[in-house]
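Features reported for this protein in Swiss-Prot:
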type	residues	note
ACT_SITE	Cys50	active site, nucleophile
BINDING	Thr49, Cys50, Asn51, Arg52, Ser109, Glu114, Gly115, Gln116, Gln120	substrate binding site
BINDING	Gly198, Ala199, Gly200, Arg201, Met202, Ser203	NADP(+) binding site
SITE	His99	site 'Important for activity'
Amino acid sequence: MHISVVGLSHRTAPVEIRERLSIPEQTMETSLQSLRGNEQVLEASILSTCNRLEIYTLVRNPDLGVSAVSDFLSSHSGLETGELTPHLFSYHHEDAVDHLMRVAAGLDSLVLGEGQILSQVKKMMRLGQEHKSLGPILNRLLTQAVTTGKRVRSETNLGTGAVSISSAAVELAQLKLGQSRGLDHLVTLESEQIAVVGAGRMSRLLLQHLQAKGASGVVLLNRTVERAEQLSADFPDLPVQCRPLTDLDQYLSTCSLMFTSTAADDPIIDAARLAPLNRRSKLRLIDIGVPRNIAADAADVNGVESHDVDDLQEVVARNQEARQAMAREAEQLLQQEAQQFLEWWDSLEAVPTINQLRSSMESIRTEELQKALSRMGPDFSARERKVVEALSKGIINKILHTPVTQLRAPQTRQDRQQALRIVERLFDLEAS
């Protein structure tokens, strides 16, 4: 069995490719069932975010497993395999484990050290458990990854002032506003007329960072006003006006800055919608949705400046050097957690031999116990029989304790295999 990961991210694919592979939560069960339906895939889990899609699997054969996952991605996205392959990466065994640890720690994120990815890894594990696509191996791996993410954020400086896609989006707005005034620094958003489209987790973070950056008020548009009102109630110090999404055109006409973060499958804003508005002032659109909420042609409309998640690189580059130094603190911790999982994984190789050894000893114990009890005659009480049986079990457990502990102990694969072969020969066990 082999652990593998196949995926793509902001490092390997542009947003127009990533959005076609995005897997929303409502189709996660079907996707996991499709993967598990392949005979090569024993366990599966999917991580789908705005910046990455990664499929972790336990497979019989790594090459055939990668092929199975690639075929699934091609079918899901409608992209030919040849068109998709240049954007995919794959890692196996130790490399796959190391990669997941880095992802959970935020070291592979667009915004280095961002905190939201850990919640997304937790969600990946929860959905895998709910839809019964996880087995003991991936469940243990994901648990270890969550532990890693928590330790990095609590034990290193990378967790200090951690940022997110939403905070980077707000910072991008500040940067672009400053550049429009001939300034090379971030400016306050106090005078901007701001709208946020969507009322999910990303929008919650947007409101949080807009408030911190001086926004004087925000219009929150959502399909259901009730959900927007529930969200706005968590920000009593930020004036939030909740409106239905049907009012979108009105605010496209009047606001100066709009953020979009909805779960829509198709763009909700495009050139055809913007062109008739005849705006006289600049409209800045910042889209952090994947799939994109704003079509690429929106930027072709006069007076409209449009940005998507790939444009956040400009903001990230401004503080990446400092966060890289913090990331180096986390590397040793990551290696510890990865090694701990790999030692557990390698120890599983000994389980069949240990089970055979226990079974063999139990057969001998039972056989010899029956011989002894038959010699005791009818005067041997039931209580005395139980004492003798417990004694025989205790002796076997004491004898097996040290060899079983040694077989499970951390060691090189070569040393473990040599020890297993010796035990199998000494006790006439079948080779595992």
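Positions of Cβ are set from backbone N, Cα and C atoms, glycine also.
These numbers come from a predicted model, not from an experiment.
Locations of recorded Swiss-Prot features on the structure.
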residue: Thr49; record: substrate binding site; contacts (Cβ under 8 Å, 6+ apart): Ile117, Gln120, Val290
residue: Cys50; record: active site, nucleophile; contacts (Cβ under 8 Å, 6+ apart): Arg18, Ser22, Ile165, Met202, Ile288, Gly289, Val290, Val309
residue: Asn51; record: substrate binding site; contacts (Cβ under 8 Å, 6+ apart): Ser9, His10, Arg18, Ser109, Leu110, Ile165, Val290, Val309
residue: Gly198; record: NADP(+) binding site; contacts (Cβ under 8 Å, 6+ apart): Leu221, Asn222, Thr260, Ser261, Thr262, Ala263, Gly289, Asn293
residue: Ala199; record: NADP(+) binding site; contacts (Cβ under 8 Å, 6+ apart): Leu220, Asn222, Thr224, Arg227, Ala228, Gln230, Leu231
residue: Arg201; record: NADP(+) binding site; contacts (Cβ under 8 Å, 6+ apart): Gln116
residue: Ser203; record: NADP(+) binding site; contacts (Cβ under 8 Å, 6+ apart): Val196, Val197, Leu220, Leu231, Phe259, Ser261
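For the binding-site residues Ser109, Gln120, the greatest number of Cβ atoms within 10 Å around a candidate Cβ is found at Ser109. Between the C-alpha atoms of Gly115 (substrate binding site) and Gly200 (NADP(+) binding site), the distance comes to 16 Å. Note on the recorded positions His99, Gly200: the fewest other CB atoms within 10 A surround the CB of Gly200. Of the recorded residues, Gly200 (NADP(+) binding site) and His99 (site 'Important for activity') place their C-alpha atoms 28 Å from one another. Just so you know, the Cβ of Gly115 (substrate binding site) picks up 18 other Cβ atoms within 10 Å once every protein chain is counted. Met202 (NADP(+) binding site) counts 22 other C-beta atoms within 10 Å of its own C-beta, drawing on all protein chains shown.
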